[in-house]
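Engineer: My structure is below; once you've seen it, I'll send some questions.
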Amino acid sequence: MTKLTVRAECPMHLEDFPMDAHACPLKFGSYAYTRAEVVYVWTRGAAQSVVVAEDGSRLNQYDLMGQSVDSGVVQSSTGEYVVMTTHFHLKRKIGYFVIQTYLPCIMTVILSQVSFWLNRESVPARTVFGVTTVLTMTTLSISARNSLPKVAYATAMDWFIAVCYAFVFSALIEFATVNYFTKRGYAWDGKSVVPEKQKKKKESMLKKNNTTAYPAATATTFAPNIARDPGLATIAKSAPPPPTEPKEEPKPKPPEAKKTFNSVSKIDRIARIAFPLLFGTFNLVYWATYLNKKPKLSASPTPPPTFNP
C-alpha cells in the first residue's frame with residue numbers, strides 16, 4: 001500500500017459567498033499508459049471506494065457534506081487515458097462572517113437610524129452620526145473584500161454591504177434635506193393679527209393722549225409805586241397759560257409673531273418608520289433566499305468508458 005500526500009486546488013464560484021457550497025474534484029490516473037494498456041476501476045463500488053475519517057475531515061471554514069466518485073476518459077494526441085475522479089462536497093461555515101461582517105453592518109445601519117430621533121436643530125450630533133456611520137461602512141467593505149480573491153463579479157456579501165451602505169448614505173442625505181428646511185424652520189406661527197385685548201388697550205391710550213390739560217397757574221402783580229405791605233389787600237390776577245399742543249407719545253410696536261422651533265420634521269417622522277421597515281424587509285428576503293437555497297453539491301458524473309473485448 002502506498003501513502004501519498006496531495007495538495008490540490010479547488011475551483012470555486014463565489015457568487016453565493018459566504019453561503020456557498022463547492023464540489024472539489026480530485027482526479028488521478030496514468031498518463032503514461034493508454035486505456036489499451038491500463039484500466040482503472042472502483043473495486044468497492046462508488047459508495048465505498050472513498051472513505052473519509054471523521055477526525056481527519058475537520059476544516060476551519062468548511063463542513064464536509066459528503067463525497068462522490070466517477071470515472072472518465074481523457075482524449076489527447078497520444079491516445080485515450082482513463083481518469084478517476086472524486087468529488088468532495090464542501091459547504092462554507094457562515095459563523096465567522098456573521099460575527100466579523102454581517103452583525104457590524106447591521107448595527108451600523110441601526111446606529112445611523114438613531115439620528116432620526118434627534119431634534120433636527122441638533123446639527124453637530126446628527127452630523128457625527130452620519131459621517132461616522134458612512135466611514136464605518138467603508139472600512140467594513142474594504143476589510144471584507146480583502147479576505148476574498150480578486151473576482152470580477154459581486155458576491156452575496158458584496159450585495160449585502162452595498163445595500164447597508166446605501167441605507168447609511170441615505171440617512172445622511174435625509175439629514176441634509178431636513179437641515180435645509182430647518183433653516184427656514186423658524187417658521188412664523190401664523191398669528192400676525194394683534195389680539196383684540198391689545199387692540200382695545202392701544203385705542204384707549206390714544207384717546208388719553210388726545211385730551212388737553214390746562215393746569216391752573218396764578219400770578220400776582222403790584223404797582224411799582226406802592227410799597228408792598230402785608231396788611232394791604234392784593235388783587236390777584238390770574239390768566240390761563242397759552243394752550244400747549246399735546247405731545248405725541250411713540251406708538252407701541254405691534255407684538256411680533258412668535259417663532260416656533262419645528263423640532264420634529266415630517267421627513268423625520270416618515271423616516272422613523274420607512275427606514276427600519278425597508279431594512280427589515282431586505283434582511284428577511286436576503287436571508288430567506290440564501291439560507292433556503294439548495295447548494296449544488298453533486299457534480300455531473302462522466303459516463304464510464306466502454307471497452308472492446
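Each residue, glycine too, has its Cβ placed from N, Cα and C.
So TrEMBL has the following annotated:
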DOMAIN    2-94  domain 'Neurotransmitter-gated ion-channel ligand-binding'
TRANSMEM  94-118  transmembrane segment
DOMAIN    101-205  domain 'Neurotransmitter-gated ion-channel transmembrane'
TRANSMEM  159-181  transmembrane segment
REGION    233-259  region 'Disordered'
COMPBIAS  245-259  compositional bias 'Basic and acidic residues'
TRANSMEM  270-288  transmembrane segment
Engineer: Give residue numbers and ranges for long-range contacts of the transmembrane segment (94-118): same chain, 6 or more residues beyond its ends, CB-CB under 8 A.
Structural biologist: 18-19, 61, 125-126, 129-130, 133, 136-137, 140, 143-144, 157, 160-161, 164, 167-168, 171-172, 174-175, 268, 271-272, 275-276, 279, 283
Engineer: Taking a Cβ cut-off under 8 Å, which residues six or more beyond the ends of the transmembrane segment (159-181) line up next to it in the same chain?
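Structural biologist: Tertiary neighbours of the transmembrane segment (159-181) are 101-102, 105-106, 108-109, 112-113, 115-116, 120, 123, 126-127, 129-131, 133-134, 137-138, 140-141, 144, 265, 267-268, 271, 275, 278-279, 282, 286.
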Engineer: Summarise the model confidence on the domain 'Neurotransmitter-gated ion-channel ligand-binding' (2-94) as a single mean pLDDT, whole number.
Structural biologist: 86
Engineer: Could you break down the residues of the domain 'Neurotransmitter-gated ion-channel ligand-binding' (2-94) into DSSP helix, strand and coil, giving a count for each?
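Structural biologist: Going through the domain 'Neurotransmitter-gated ion-channel ligand-binding' (2-94) residue by residue, I get 7 helix, 38 strand, 48 coil.
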